[in-house]
Amino acid sequence: MRQFNISVIGLSGTEKDRGQVGVGKSCLCNRFMRPMADDYFIDHISVLSQSDFSGRIVNNDHFLYWGDVRKTTEEGVEYQFNIIEQTEFMDDSTFQAFKVGKMDPYSKRCTATKVFSAEKLMYICKNQLGIEKEYEQKVMPDGRLSIDGFVVVFDVSPVPNRSVEKQVEFVQNVIATILKNKKPLVLVTTKNDDAYELYVREAEKISQRKDYKSTVQLIETSAHESINIDLAFLLLAQMIDKVKNRVKIISYQESAKSRKELLDTRSEAVTRLIRNQITDYHVLWSQGSKMLSQYREWNEFLNIFGHEAGQKLFRRHMKKLRDDHLNKKLHQYLDKFALALEYLLPDIGALNISDDDAWECARNYLQNHIEFEQYFFECPQASWTELVDMDEAEDEARIPFDVLETSEAETVFRNYLNSVQQDKKKIGWKQQFKMLLEESGFVTPGKQLSEVRVLFMGRECFEALSEHDCQQIYDIHQDDIIEKSKQNFVELLLEHAQYFLQFKNVDNITQEDVRQITDVIQEDSRYKMLDRLDQERRLMLVQHLRFIHCPIRDHCPFFYNCVDSLIEEVLSDKSASNHKTPSGGGWKSSGSGSDRTLNLLIVGSEHLASDLLNDIRICTGSKGEYIYENQTYYLNYRIANGDMEAFKAIDVYSSGLICVYSNQQSFETLKDNLERTLLCNLELEDKFENLPIVLVYQPQDLKENEVEYLRNEGMRLSEMLHCDFIDHTQNHQKYVYDILNIVILSLKLTEMKSYEPYPSNHTDLRILCCIFCGDQYDIENIVQPLVEESTLVKANEHSIIVDVFIGDAKRRVEFILSSYHGTSQYRDELIHGYIYFYSTKRRSSLANLSILAAQNANIPLQIIAVTESGGVNAFFNSDICQFLITEGNAVADRFKGSFMTFSADQYVKFAFYNPFLKTAWDNKYEVENLHVEESITLDSGEGTLENSVNQMPRPPPRHESYMLSNTLGTDGSGSENYEMAPTRSLNSLNEERDISLDEIYDDNEKPKHLHQKWLEDKSDGRRNMNKNLIWNNFSGSTHAYTTGRRHIDSNLNKIRPKGPSQTLKVGEAPSRNCPAMSSSTFTLPTQQPGKLNMKNFQLVSDAVAKMNFTGSGSGSGSGSGSGSTGLGLGLGSGSGCMGDSFLEPVDKDGKRYDHAQLDGEDEDSEELAEYEQIYENEDCTESDSCASSTERRVRQQNAYYKASKKPVAAKKQKKKKVAIPVQTPRVPPFGSYVSPPEIPLHYQRMAVGGSGPEKPEPCVPEFMKSDKSPEYSMVPELAGAGIFGAENLPEYNMNQAKCLKDFEKLEKRRIKEETARQRKLQEKEKEQEKKLKRKLKQNAKGLVESAEAQFGKLMITSEQGEIPIFLNKCVEFIEKEGLDSEGIYRVPGSRAHVDMLFQRFEEDTNTEIDALDIPVNAVATALKDFFSKRLPPLFSKDIIKELEEIAGSRGVGNSKLNVEVKTDRSCRLIALKSLLQKLPPINFAILKYIFQHFVHVSDNSKLNSMDSKNLAICWWPTLIPIDFTDMGHFEQLRPYLEDIVQTMIDQFPYLFCGKDAFVMV
């Protein structure tokens, strides 16, 4: 390593010689020797004291030794430098140069090539003088140095008292001397950061002098900026070393730019480092620097800028942190202040101020407000900025009042003031625009805004509002006028009640009927008003026809305001305060009279409960008062913020449980606690029974898919818990009111259900009070005189019993309150008098009254006209009122009844009804005798068919169909998730083609009141409890309740003829003898009003357009098969049990075929024997409902069922009828083909004549007695016109021999083809089995290891043979632990548990599930996953296609099966058994094992609510995997595949074990 001794020289001397400051020699040396910022000193002096001059550092010399340093070039060459600075020191006393020996001038002395100074120390800074020992001490080597080169300094900055000429002269003399001594040198200009351009050019001239011969290189430097310092010394070293490739000389501008970029980079890196690492403005410099010292960026910054710059940057960052914190806190206060303004100062007009002093007055107003301390606090000792640093202020949620002194707070107030004023203007404009729309006659229903926009141009209210606001107001107005127009149209239809009466008992409404109705009403303005909404108008007409045909509450156009519903509410409220009415459950609102207390428990994590409580308090005020339907409720709260232990100690007197969640974590916690609390202890006494629960979702700032997922999960949980679900985002403005309304309504419904019906067996009079739906008067005024009686006792939801004096004796009178349309259910009951109320403002009210009065003309009648307030004035002031009162009086005279008027605001007492009660009592015996005479004709004996098929039976009791709660039943009906599913089975696939009116709606779609969007498919929380009604399709015949449904017996005193049951008791041996029938001829049943599945149509117009307006009748209903025009909306009663009617063959001309009885039976075919064994049965006994197979099996095994049934009290007993095993016709959905109900001729059991006790004979047609072939069971039936009628099948004549011969040929050919096909399949299966055996022999490890290698350890067979061990253990565990678990297979288990279970079995097949502590629902889910994901499909694609054909889901044209098999249930059952026998043995064994498990589960359906229907719904997608192309295909196949699985469960002994089949119709 080369070592160089460099001497730095420049102009020196007194101020007269060098000017006020030096040329920068010391700074240049300092930066070169110690470049770090903390080691660089800018204050170097040449005026010293005598002591400093004589010290070891100066050592009485006029030069300084700066020490030695090592530098490396870019090429990696390393040099060592010893630096000498030649200067001239002045005496501080004389300001003259110190005299040291012989003194040469500085210009000559500085160019000396050798310097001597013994024991001279290294110079660092001026502070070192006098205290040398406190600094590093380094002695000049050997006390002498030979100078190798010179750095000549030229100052280019302007300095006072120094001329450039003097400096140029000095530099030129020095350079000349150095060149004479033949020493290398470089000319260095210093202070270029403050350079003067003239001086720079002078320096350049010096270096470019020709006599220097380019030996003088010019380097531009700046010691303060550390630019080109090393470059000057390295270049001099290379010149001394005579290196050819020297460093490149870079100009000052380029070096300065590079230096600036470096500094900026280091500064940004350190700034970013400090911002990331230092986030608390309380951190001290000592702590922060220690924390940052471990980072390279920080150390590099300190080297360049120094610690002082680092500390300055740190403190600047701390100040920014504090300012940010203050701004953040201020914004929080301002946000709270904005909310406080909305609450404390809702009306700016209350201030009565001008804009100038508004802010000052507002502050004074807030400071004097009564709730000031709730939102603000004052702290005179310190300002709010100082409070921020205090820990005590962190928990303070109120606003420091001195925040209002800031300009930002005033800005918030000004913005609030402007927004309030703008909102007032906007509200005014909206109101003006709404009034403009109401006053404009050209805005009609259905007209778009674009059509009338030009008419509003120039109006201020229209121009001021935005496009969105105008459209929103216009839409609201359209909704209002459309709703009003629909009400008027309904009113128009009701006014023509007399005309619509002719359609009441019509089975099929034709297109001509619709045209005639339209001709009658089309001239009315109320009809024309809906010209633009023709589809809705047409649908409303259809709905009205449906209501006329089946007048039940669900079809009432005033659904929510139906009188039947209002009466229930009124009687419930009135009876609640009566001491004779039993109290309800434990979850009640406390208090009595007009005030009640609601005790609410609010549960949620992460302060959600507290936030919800604050919202409730804001809505209910400080006193916690809430008014609902004129009833005041006082709210008490109890919250549990994440404390789910509150469930264990919950107060049984609470009124409702409100559960709130916002994210995945809070939902999982809430769901876990709810399930453990409400679902896991069902076998114990449930203290949460009837507890209203509301699930509230308040989403956080989540992604849209996460919000949608949590919303769906919440809705699924609410369905499982049978509670209500509220999404805060969808109705954030009034969701609190929705919560409180749901809790109160639930309590009311619970109280209504808790009232014990009062027996009404011994009443002296029964009076039916009829009120028309939609009348605009308060029903309470009518009911009040009755309920205020001290002897009042509530009999049921619609009747009360009052003890009253009639004449001289006290009589017990039952008042039945009903709507006009609800009177049909009391048609056959004994009623002693009718009281009809009608409104004097509605023509429709009187029109319907006239019809009802005509139907009961022989019974005492009281007509009461309800007028507006004003009494007599109402009669004279209103023409319509005068007309209707006069007409009502005339109706009363015509039917010999009494007439009275009743003012809506009139208070009357019970004596108001006394005159009519006296009249009813006087005519009691005549009415009862008349009732007995009429009742005798209803039924004449067993098995007769005298009742007309067009006679509509009465609906079931109101308390059954109207007040059934939407909860789990005890008869295995399953949860509400499955109650509304289609309940088809194999025996119900034969359906009539005509579509009845009830098909217009799904089971879960109900017509709503016109005010509540009657025509829209929307749900309403108020009626959630009544949405699943058992009797929602009741019309013309007794219902057949399919699998999974239940029927509750009536306990009212009613005379209702019961239709025969079509079910056989489980376990009875089917008989081959047929019961004798009273008649040899039968008629087709009428069809029940069905419902249109609106999900099959995207628009209402599609629904109306596809109503199947056909030109030919279907043969159903009247049984005539004539070609009359049919609308496709069958109004008959064919759905449900057949009742007293039976199918009969009808030929083309409408003639009936009579068949003689046959005897004998055929044993030639095993298939025929199975067919007959399934189809034939013993005499059927009458039952209350056509229940499911599971229900019948449970009833037969449970003796308590019969013992616990309450006898139905009836005024007139009827004989039991003999059940006829007829398939239950069902209404198919649009677009699917279903064949009509047919029964083979030889199974139609006909009596020879009479109804006497004759010996029953086998039911085989006479012309088939001698036939011994097995094919005679396949003779087709001709059932009138239709697909299988004379138009589509060969005409069936009475030439039996020819017909039978042709049929036998076809059947023999089919049997041969079937036999050959089966033989080929068997041969193919045998060949496959042989191949499989050969493969197994080749494998030394056997079948078990092969299965394990292919499918994993889960497929290892168990001890039971071919059953996988995983399947075996799961089934054993579920049957051991989960048969009593409610919703098994329906309630999913945890995915973590499922994955753990599979993992454990993969590791060890001998794993015991009991030891894993896994819930039974998780095991059930794992079992389903095993079938769907781990186990190969049990059914091949060909087998699945045959399953579809057997189920009847394919049309006849696409099916390989014949018509008989497609249309007959027993044939399909035999075909299903044959199909299962085609399965491979392993598949059949697994299928048999799992279905045997399903039988065990369904046998415990009373405990787990999973009967065969619900199991089929849960399992069919798993067992029968089909790739659906679209939803239409899925909806078409779903009911049939469900029935396949349900039948395999119900018929398990027959299909899998070879036993006799259960007969279910």
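For all residues, glycine too, the Cβ spot is worked out from N, Cα and C.
The domain 'FF 1' feature in Swiss-Prot is assigned to 252-320. Look at Swiss-Prot and you will find 365-419 tagged as domain 'FF 2'. According to Swiss-Prot, the domain 'FF 3' annotation covers 426-480. Positions annotated as domain 'FF 4' by Swiss-Prot: 482-547. Summarising the annotation, Swiss-Prot assigns domain 'pG1 pseudoGTPase' to 592-765 and lists sequence analysis as the type of evidence. If you look up Swiss-Prot, you'll see 766-926 marked as domain 'pG2 pseudoGTPase', on the strength of sequence analysis. As annotated by Swiss-Prot, domain 'Rho-GAP' applies to 1349-1552. The phosphoserine annotation in Swiss-Prot covers SER973, SER975, SER985, SER988, SER996. The region 'Disordered' annotation in Swiss-Prot covers 1054-1074. Look at Swiss-Prot and you will find ARG1386 tagged as site 'Arginine finger'.
The stretch from 365-419, 766-926, 1349-1552 that makes the most Cβ contacts under 8 Å with the domain 'FF 4' (482-547) is 766-926.
Just so you know, the Cβ of ARG1386 (site 'Arginine finger') picks up 20 other Cβ atoms within 10 Å once every protein chain is counted. Helix first, then strand, then coil: DSSP counts for the domain 'FF 4' (482-547) stand at 53 helix, 2 strand, 11 coil. In the domain 'FF 3' (426-480), helix, strand and coil residues by DSSP number 41 helix, 0 strand, 14 coil.
With DSSP classes pooled into helix, strand and coil, the tally for the domain 'FF 1' (252-320) is 58 helix, 0 strand, 11 coil. Remark: secondary structure over the domain 'FF 2' (365-419) totals 34 helix, 4 strand, 17 coil, with classes taken from DSSP.
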